[in-house]
Amino acid sequence: MNQGVRRAGAGQGAAAAVQLLVTLSFLRSVVEAQVTGVLDDCLCDIDSIDNFNTYKIFPKIKKLQERDYFRYYKVNLKRPCPFWAEDGHCSIKDCHVEPCPESKIPVGIKAGHSNKYLKMANSTKELEDCEQANKLGAINSTLSNQSKEAFIDWARYDDSRDHFCELDDERSPAAQYVDLLLNPERYTGYKGTSAWRVWNSIYEENCFKPRSVYRPLNPLAPSRGEDDGESFYTWLEGLCLEKRVFYKLISGLHASINLHLCANYLLEETWGKPSWGPNIKEFKRRFDPVETKGEGPRRLKNLYFLYLIELRALSKVAPYFERSIVDLYTGNAEEDADTKTLLLNIFQDTKSFPMHFDEKSMFAGDKKGAKSLKEEFRLHFKNISRIMDCVGCDKCRLWGKLQTQGLGTALKILFSEKEIQKLPENSPSKGFQLTRQEIVALLNAFGRLSTSIRDLQNFKVLLQHSR
């Protein structure tokens, strides 16, 4: 009798194993079949992005993120949520963000804005103005008096109307430097009502969507039988290009963050030592075409679309950094020069990409209507950046704020083409400026997208090897 039970159990185990392998094989083939081809609203194909990212972008952007200028990010994680009383919390200790000790921050960064401009600030008044500037510590110290005056004039200039994000006040006592390399983005266990409320608020209240239209997989949506989200995509395709782009950017950002969590998952913890790595089951739960009713591959395509948008922004902003006046200042002259060389090399690669998104196709209608739509677009995104202060997990909030600010900076660049073209070579410009905070967010956010696409390739390989 016992032998019969053992044989039956063994047979069931073997059958289950075969079924699992068949499922993984099916998942791999379906994901590959659906996440391929030409993207909507542009003329670029996914395979070209994969190859470009793997062989040109990913190795260099990863190296850039390790440089001192880009690894230290100043952020205020204590700003209260402006929309509701936040009650969320992480389920594991890895949600905690460890601020950077003062002794570890490079002298050129921790000195604040004043010392970064110290050699060009010849009077107390100028020094005060520099402290008020809250702008990039990247100006060559050999400026002429005329250039100094231009900079001070620019520093007083209120450019908030150009921002797509709610920027943290870096002078706030609550703002702290964080070493991004020591606080990596990964699965923290933050989920449930608190996390859902954040994303629900983003999609339902800020993506130009009427409440009568329900997103796929929205648990608040009423049962719709065999609809499976088709009515949502019928509505989405009926929108103007700008509003479709907005939704795809948010969906792509959401997909990218989910990929990071799947790729850096807490697999086990032995004797207090956590083991992090890719979790195929979690990847399947979030992106499997069957489990997500076809929604997973659509979200992954939006990731590629977001990558294209930020890639285009980097190619457009290159002239800003190519000027001799811009110096990525940390206090280490040799490393600063190497960092700028690496950054310019990345910009050259971005400009060589042959299938860029054409941002001129946006806001191209009558001037009054286009201006109004652009402002609505900007304010909606700015509101999303404010929602990041409602994230209950510190590490999730850190990376949410950084990636949102990075995307906001990319949008600011794309819609400032005329100002960038008019930049003076040897002096600051009132028309277009980037703070150090924006620069760090821009390159790290793009680095996260590059990593997401690389992680997706890795998951495809893992699924293939699991056959």
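Just so you know, glycine gets a Cβ as well, placed from its N, Cα and C.
Listed in TrEMBL:
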- C393: active site, nucleophile (ACT_SITE)
- C396: active site (ACT_SITE)
- R186, T188, W199, S251, H254, R286: FAD binding site (BINDING)
- C90-C95: disulfide bond (DISULFID)
- C130-C165: disulfide bond (DISULFID)
- C393-C396: disulfide bond (DISULFID)
- 1-33: signal peptide (SIGNAL)
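Overlay of TrEMBL feature records on the structure.
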residue	record	CB count, 10 Å
C95	disulfide bond	20
C165	disulfide bond	24
R186	FAD binding site	19
T188	FAD binding site	21
W199	FAD binding site	15
S251	FAD binding site	23
H254	FAD binding site	18
R286	FAD binding site	20
C393	active site, nucleophile	24
C396	active site	27
- Query: What subset of the recorded positions C95, R186, T188, S251, H254, R286 lies within 10 angstroms of C393 (active site, nucleophile), using C-alpha positions?
  - Reply: C95, T188
- Task: Do me a favour and check the Cα-Cα span between R286 (FAD binding site) and C95 (disulfide bond); whole Å is fine.
- Result: 21
- Go through the recorded positions C95, C165, C396 and tell me which ones have a CA within 10 A of the CA of R186 (FAD binding site). C95, C396
- Calculate the distance in Å between the alpha carbons (Cα) of W199 (FAD binding site) and C95 (disulfide bond), and round it to a whole number. 18
- If you measure T188 (FAD binding site) to C95 (disulfide bond) at Cα, how many Å is it? 5
- Task: Given the recorded positions S251, H254, C396, state which is nearest to C95 (disulfide bond) when distance is taken between Cα atoms.
- Result: C396
- Between H254 (FAD binding site) and C165 (disulfide bond), what C-alpha distance do you get in Å? 17
- Query: From the Cα of C165 (disulfide bond) across to the Cα of C396 (active site), what is the distance in angstrom?
  - Reply: 17
- Round to a whole number and give the Cα-to-Cα distance in Å for the pair S251 (FAD binding site) and C165 (disulfide bond). 18
- Greatest inter-residue Cα distance in Å for the FAD-binding set R186, T188, W199, S251, H254, R286: 21
